[in-house]
């Protein structure tokens, strides 16, 4: 996974006394030791990753440490969404305790969103808070889950229902890590990139329409631009509403209320990746907005067309979901955004004009989810 080292772009996350920065650049893995050492008081590194990343990327990562004379310890977990569980959380905490982890050691989450969420939550609760570093290796993690401090595991009732806000001390993003990703994982990550255009940036969505296919196919310039743009967009929102108090950060949940219900129906498994669920969920959010005479027919047609062109699901059928509207709404009842018995939804008045609606009728949602538009993307 070697490459020439490119110019490093730094994006600050301004959160007062727990602010941090994100470094983005091709070839940064080659400089990992020198970049990370300032964040570790006693120069002890513990890398936590999954079986897939361990096979493809861990050897080179460890090599850079060994060549610098720095010891690095590794913990390898199973790959897949099922790893975000009580069982694996307890097992990871036990392993870290047995290895004598200290609060100021560098616990490194090297992997995709699953590893980042699990390791971040373990760091949040272990010894009442250990520092950790995010090194995301999937496109989804690089543009979304590694930024903002949300950490969590899943449970039987739903996705990410058990967790904490716990910010990393640093995030290192090397786009070259994406070279070993399967095409489906890249498409899933792209599902989160599109979201930023749909929320409040119609020009960026237009850019996605023009460059999305090239990004997925491996165009380095497009990837670097999309990663930086997405991170800057999220950084502004997180700095303004870190813990979803004012409601602004809730905008980042576009597609997620529908999407999490789809993931629940497919058992939080690799049958439907998170980014795929968000893509389908975004189409559903705009579809419902169209039904409510908020968004135009042209907008929903553009979204469905682009999702299909980039290999992402734009309907329940394409996502492999057969549950009825009522069954999907039942999954939504455990949503974290539930407030006073009502579930807010991210809807839109057009591309780039998303808003939070706290007065949505769930019976109307259920009926919409049984419609041809939701089922087949037919409009």
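Including glycine, each Cβ sits where the backbone N, Cα and C put it.
Listed in sequence order, 84, 145, 150, 151, 152, 153, 160, 163 are the same-chain residues at least 6 apart in sequence whose CB falls under 8 Å from the CB of residue 117 (NAD(+) binding site). What Swiss-Prot lists as NAD(+) binding site is 113, 114, 115, 116, 117, 137, 138, 150, 159, and the listing cites sequence analysis.
Under the three-state DSSP scheme, residue 256 (Zn(2+) binding site) falls in the helix class. Taken from Swiss-Prot, the feature Zn(2+) binding site applies to 192, 256, 274, supported by sequence analysis.
Cβ neighbour count for residue 115 (NAD(+) binding site): 29 (other Cβ atoms within 10 Å of its Cβ, all protein chains included). Cα of residue 113 (NAD(+) binding site) to Cα of residue 274 (Zn(2+) binding site): a distance of 9 Å.
In the three-state DSSP assignment, the secondary structure recorded for residue 138 (NAD(+) binding site) is coil.
Residues 140, 144, 191, 195, 255, 259, 275, 277, 278, 281 surround the recorded Zn(2+) site, their Cβ atoms falling within 8 Å of the Cβ centroid of 192, 256, 274, which are themselves excluded. The closest partner of residue 115 (NAD(+) binding site) among the binding-site residues, by CA position, is 274; the full candidate set was 192, 256, 274.
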